Amino acid sequence: MPISKIHARYVYDSRGNPTVEVDVVTELGLHRAIVPSGASTGQHEACELRDGDKTKWGGKGVLKAVQNVNEVIGPALIKENIDVKDQSKVDKFLIDLDGTPNKTKLGANAILGVSLAVAKAGAAEKGVPLYAHISDLAGTKKPYVLPVPFMNVLNGGSHAGGRLAFQEFMIVPSAAPTFSEALRQGAEVYQILKSLAKKKYGQSAGNVGDEGGVAPDIQNPEEALDLITEAIEKAGYTGQVKIAMDVASSEFYKEDVKKYDLDFKNPESDPSKWLTYEELANLYSELCKKYPIVSIEDPFAEDDWEAWSYFYKTQDIQIVADDLTVTNPLRIKKAIELKAANALLLKVNQIGTLTESIQAAKDSYADGWGVMVSHRSGETEDVTIADIVVGIRSGQIKTGAPARSERLAKLNQILRIEEELADNAIFAGEKFRKAVEL
């Protein structure tokens with residue numbers, strides 16, 4: 001069934017910045033996708049095309065990307081008349097049309113919008129839900145696997161004020177029997193955490209960050225972990241709800257001296273207190289002994305390969321590569337060869353097409369890695385990643401706290417999928433790292 005129209009416009013993301021929305025129209029109707037954007041962006045990821053016109057949106061406009069869809073990609077793709085069900089052919093056409101290694105010419109935000117909208121058109125043409133179409137494209141086995149939600153309940157780093165260097169503290173309800181129960185446990189812990197934060201740090205500590213987590217004025221990781229552990233205990237889930245961290249350590253790496261500054265938000269930070277990677281690795285090991293931590297993302301800077309390999313040898317927890325790999329096949333290959341991590345953070349907008357995202361997941365699975373599908377800090381009401389996480393059978397999703405509609409939209413979509421699949425789906429639970437093998 002041919003595409004009759006492709007139209008892009010700009011809409012706003014959850015931070016009030018413009019982003020790209022794409023409509024693909026076929027005989028079966030309109031299929032729409034909106035592209036997210038990140039705050040801490042890795043330097044090796046696909047190019048998010050921004051206008052750079054400081055007089056509008058502080059330079060963050062996407063009029064050029066929108067124009068590229070409407071004047072270049074749209075007409076060319078319609079003329080090519082590719083079957084919308086043939087996602088890899090569509091995506092290859094988009095990649096070739098751009099012709100640059102990281103989509104700088106047309107913009108990954110323009111290309112991804114079209115890629116995801118086409119996937120929705122393909123699902124409609126097959127008369128199946130999007131997750132089922134993605135499952136076919138990825139060639140994953142059945143039953144479907146519903147993911148463990150990694151919920152970012154406490155923020156630090158560049159996502160929050162306060163002196164806390166680590167960016168995200170997540171709760172992981174992996175001992176729950178079903179996805180809906182996991183979400184309930186997470187929501188209950190979150191509510192308790194919020195009231196504890198207000199009690200200990202004042203009313204404003206209940207204010208939420210970009211991803212819905214609270215951001216009290218916390219000084220160090222132990223303080224954050226104690227607060228979360230207390231919330232888990234008060235909710236009655238000790239031993240059931242685990243903890244994960246996204247350190248986002250590239251944000252506080254001092255490249256010139258190869259050290260990590262845990263007081264990086266303080267302009268008067270004392271260089272004698274900066275840590276070598278061995279000292280930072282030691283801190284993580286101590287935290288893992290003291291708290292129920294099951295996963296650490298970006299423990300070291302994106303080009304500090306030596307540190308990653310060193311830490312990997314000492315740990316059996318999940319070590320998630322995000323800034324290190326930025327969903328880029330070449331970086332993933334290097335990380336696997338150097339034994340730097342054991343899980344991939346999959347962000348579709350870091351690579352720019354659905355086909356490449358599926359391939360990145362498959363490459364990771366092939367080497368025994370886990371895959372965590374992720375939102376970005378600038379999100380929208382688009383729920384495509386919920387269908388992706390079920391379709392590629394990855395068993396883990398990170399999409400913020402159970403707060404703010406752009407975060408809940410994804411979790412609510414998984415609730416709907418759970419209801420629809422009933423006995424045809426299993427919950428990843430404690431086996432989230434190897435969900436693809438379940």
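For all residues, glycine too, the Cβ spot is worked out from N, Cα and C.
Model, not experiment: these values are computed from the prediction.
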- [ ] Out of D246, D367, D382, D387, which one does Swiss-Prot list together with E297, D322 for Mg(2+)?
- [x] D246
Task: Close recorded positions near D246 (Mg(2+) binding site), where close means Cα within 10 Å, chosen from E211, K347, R376 - done: none
Task: Entries of E297, K347, K398 which, being recorded positions, have CA atoms within 10 angstroms of D322 (Mg(2+) binding site) - done: E297, K347
Open item on the list: Which secondary structure state does DSSP assign to E211 (active site, proton donor), in the simple three-class scheme?
Closed with: coil
Open item on the list: Centre the Cβ atoms of D246, E297, D322, go out 8 Å, and tell me which other residues of that chain have a Cβ in range of the Mg(2+) site.
Closed with: Q167, E168, M245, V247, A248, I296, D298, V320, A321, D323, L345, S374, K398
